[in-house]
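I have placed the structure first, in the form of structure tokens, so that the comments after it can refer back to it.
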Ligand SMILES: Cc1cc2nc3c(=O)[nH]c(=O)nc-3n(C[C@H](O)[C@H](O)[C@H](O)COP(=O)(O)OP(=O)(O)OC[C@H]3O[C@@H](n4cnc5c(N)ncnc54)[C@H](O)[C@@H]3O)c2cc1C
Ligand SMILES: Nc1ncnc2c1ncn2[C@@H]1O[C@H](COP(=O)(O)O)[C@@H](O)[C@H]1O
């Protein structure tokens with residue numbers, strides 16, 4: 001059986017999310033005969049041009065529709081189902097960003113097939129590892145080979161496929177009836193000039209130990225000093241110190257930076273689930289028994305409010 | 001307005017998972033189970049609608065073994081009016097669960113089907129989306145705020161880019177994220193009262209639901225572990241280590 005793979009592009013404001021290139025890297029391990037990227041947008045030209053550069057991509061399919069101005073699963077799904085059937089794909093993949101998490105199960109159900117969430121490693125085109133119990137166990141699953149495989153890719157497990165390609169871009173017209181029952185109202189984006197949490201090589205995080213929204217300034221200042229993105233524990237988000245899109249963990253963002261440095265975070269399993277793929281974890285906590293020290297590559301016991309100023313000064 | 005809410009029995013989130021030495025799964029016997037935390041939030045939301053007079057009836061539904069009755073009793077103690085137990089001893093995967101929920105929704109005709117955004121055992125994050133797809137209903141996943149008004153709901157969703165608001169026509173499937181609310185503590189009198197509330201038993205056959213093709217679990221293994229590294233005693237030492245690794 002040939003493995004013809006369709007990847008749904010995740011994009012925002014005319015630019016491609018790096019998660020798409022990570023999904024391509026995963027797809028390359030499935031002995032593909034072809035990898036096509038589907039761009040569903042109002043005007044997908046710039047996104048398609050970016051996708052065409054990803055190494056490993058055979059074709060980019062651009063399906064413009066005013067209804068795609070804001071990605072809504074209920075409207076995208078009929079288009080993806082049409083594209084999947086038209087192109088006779090064996091696999092339909094998306095990234096495990098909130099876009100992919102929302103969308104891919106709806107696609108699977110419409111195709112009447114099971115779905116694999118969070119592929120973290122590929123054994124063959126139908127056999128994968130995925131995490132369960134917040135990453136505290138890994139299962140190897142075999143998917144039926146006689147039906148389309150729908151899956152999401154755990155982005156933290158794959159580095160983005162590099163650029164340098166110039167795949168063909170085709171416009172696609174999809175014959176699909178779109179429902180009117182779901183309408184976009186607005187998107188409140190936390191505007192920030194800092195690097196993106198999901199792709200930044202360095203991340204500085206704060207937890208409940210930071211104590212307040214005002215105190216979080218010390219975390220931002222340190223992050224700016226070393227060019228890092230800023231993350232947080234759920235406790236810090238719940239307490240209102242920072243917005244929700246900064247949450248790292250099982251139910252927040254799962255990240256794999258080169259450096260993860262956290263202050264005043266105890267290291268609950270749900271938080272650790274989000275940082276296990278970081279190359280170097282540095283933990284600063286005043287409690288020497290904090291579980292974060294069990295996974296930290298470098299640990300320092302102490303008061304974050306004393307340590308951060310000293311750190312800033314000595315990093316130079 | 002009627003609200004349906006799904007409730008899954010899962011190993012309690014505080015339990016440290018043990019993997020069976022032969023790789024056949026995780027140890028479940030003798031381990032504390034409770035209601036999936038996201039489902040508690042879904043139930044709490046339904047209760048708030050009931051208390052506000054927005055919902056007249058709230059029905060809890062679970063798919064699982066006999067022991068899952070415990071979680072239905074908790075849902076009833078929260079204040080759900082009645083419960084439906086679809087009994088099966090087989091683990092149920094999301095597409096099959098969605099087919100069951102589709103059948104139940106067609107029978108019960110709720111205006112809102114509240115679910116958790118994900119079950120913390122399989123971490124699939126699929127069932128709500130699949131259920132709404134099968135029903136051809138709108139879906140609003142990862143809800144952190146829901147405003148119901150007659151025939152529509154305005155739902156704020158927690159997404160990677162920030163907070164998105166959608167408006168959906170009812171009936172709809174809405175899945176709860178952590179910040180939707182904080183579930184109440186159950187009080188003894190409510191737990192006692194729950195014992196008298198009705199639970200209806202059903203099977204997949206009764207509903208005419210056929211189990212979907214499954215993903216086969218071939219083995220269960222521990223995740224790659226991270227070894228604890230070094231403890232440093234001072235900021236100077238920390239900075240030296242970071243510089244050594246080329247990280248600052
Ligand atoms: C279903 C579910 C999903 C969840 N998902 C997530 C998730 O995605 N991400 C997540 O993070 N959590 C998640 N949680 C919550 C998680 O269980 C913990 O409650 C949370 O991670 C704790 O955050 P924290 O470490 O900031 O707070 P705490 O556990 O309260 O720890 C605060 C730490 O700060 C230290 N401290 C205090 N003051 C100072 C100081 N001055 N200097 C240095 N150290 C100091 C303390 O010693 C302590 O270790 C989830 C929970 C559930 C039930
Ligand atoms: N067997 C089940 N019984 C009751 N609810 C379930 C079951 N399976 C899934 N659900 C619901 O679907 C949500 C998402 O589950 P999942 O797709 O497995 O992550 C859960 O939070 C539950 O509300």
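Any Cβ shown, glycine's included, is placed from N, Cα and C.
Caution: TrEMBL annotation is automatic and unverified by curators.
Per TrEMBL, the features are as follows:
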BINDING   A:208, A:233-234, A:247-251, A:264-271, A:285  FAD binding site
DOMAIN    A:5-188  domain 'Electron transfer flavoprotein alpha/beta-subunit N-terminal'
Using a 10 angstroms cut-off on Cβ to Cβ distances, just flag whichever of A:208, A:271 is the loneliest among these binding-site residues.
A:208
Which of the listed binding-site residues (A:247, A:250) has the least company, meaning the fewest other Cβ atoms within 10 Å of its Cβ?
A:250
In chain order, residues whose C-beta lies under 8 angstroms from the C-beta of residue A:265 (FAD binding site), counting only those at least six residues away in the same chain, are A:205, A:206, A:207, A:208, A:209, A:233, A:271, A:283, A:285, A:292
Can you check what DSSP calls residue A:271 (FAD binding site), collapsed to helix, strand or coil?
helix
